[in-house]
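Noted in Swiss-Prot for the protein shown:
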- 48-357: domain 'AB hydrolase-1' (DOMAIN)
- Ser154: active site, nucleophile (ACT_SITE)
- Arg224, Asp353: substrate binding site (BINDING)
- Asp319: active site (ACT_SITE)
- Arg321: site 'Important for acyl-CoA specificity' (SITE)
- His352: active site (ACT_SITE)
Amino acid sequence: MSQNTSVGIVTPQKIPFEMPLVLENGKTLPRFDLMIETYGELNAEKNNAVLICHALSGNHHVAGRHSAEDKYTGWWDNMVGPGKPIDTERFFVVGLNNLGGCDGSSGPLSINPETGREYGADFPMVTVKDWVKSQAALADYLGIEQWAAVVGGSLGGMQALQWAISYPERVRHALVIASAPKLSAQNIAFNDVARQAILTDPDFNEGHYRSHNTVPARGLRIARMMGHITYLAEDGLGKKFGRDLRSNGYQYGYSVEFEVESYLRYQGDKFVGRFDANTYLLMTKALDYFDPAADFGNSLTRAVQDVQAKFFVASFSTDWRFAPERSHELVKALIAAQKSVQYIEVKSAHGHDAFLMEDEAYMRAVTAYMNNVDKDCRL
């Protein structure tokens, strides 16, 4: 089947969980919702399910369109669908919006049952462990005892790794793409600067901006602009725009003059229109806190000692946000723990965002690995 085939029109589902969820910080959500989309069919043995975990600004809408009029497909439509690397003719694929998100799952935009008002800044801090715990509840709801694979890029890859550690018997394969076993100091610094842009916006109103009929648009816009720079290759913007001007000469002022300025402001404005600032704060802190080795004497090898999953790890040559060396740390730990791991470093000019793009070598590698996952489903 053609690589251009889509899953078509898809309908999200909001799954209610009328149960408490105790979070890593000791707080409890009395109940929670998870917004999901599914693609393909769960087989009779219920052993062909694949969980897709999203990155910082992702959500449940992985593939397809919500209507025929939709201009854009899901964020990983080139990866998930009939005849694609994660083939929905063979796998039952589940995408979800994580807790703390702003696309239907319980988060800052949800109603706090204790107050009858939106949580806003009162939504509790969540971690990758908390997400995986809620995803395990989702697996129970769907009747899935074991995922054929848990797949994610960037922050999604951290979730795939945490799944293999937290629930070793429930994951057969973990695909960790463009990720890291913990953030570097530089990455934490980037996240903090982004948060400060939001927190110091006069319209933030201590996180309760919606009750004041405001939005910290300036801060969120700057956070996204800065983040977008780091997701590209070192001189990705230079190759794309150079020093091209929007007009024939310098204007000698502070308005938008360079094409790169126009591009970044467009990206920032688009992001403000679809994302919540409190969610952005929560997601970046979840990134900062992720460090599974910390529970095992700061030994990543010990952290993966009990995993049962086989691993596929991929990095990209020009990704400096999650450099190949960070993937090497995980690969070396898995080898030291005598676990099964396949690794590929893809030559790409697209930086961190390469994991979202349709690179031939990358797609071929994921396809080959998922063929092995499919074979395991048939044993």
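The backbone N, Cα and C atoms fix where each Cβ goes, glycine too.
Location within the structure of each feature annotated in Swiss-Prot.
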{"residue": "Ser154", "record": "active site, nucleophile", "DSSP (3 states)": "coil"}
{"residue": "Arg224", "record": "substrate binding site", "DSSP (3 states)": "helix"}
{"residue": "Asp319", "record": "active site", "DSSP (3 states)": "coil"}
{"residue": "His352", "record": "active site", "DSSP (3 states)": "helix"}
Can you tell which of Arg224, Arg321, His352 has the most other C-beta atoms within 10 Å, given these are the recorded positions?
His352
Pairwise CA distance, Arg321 (site 'Important for acyl-CoA specificity') versus His352 (active site), rounded so that it is a whole Å:
6
Looking at Cβ-Cβ distances, which residues of the chain lie under 8 angstroms from Ser154 (active site, nucleophile) while being 6 or more apart from it?
Ala55, Leu56, Ile177, Ala178, Ser179, Phe322, His352, Phe355
Let me make sure I understand the structure: which of the recorded positions listed (Asp319, Asp353) has the fewest other Cβ atoms within 10 A of its Cβ?
Asp353
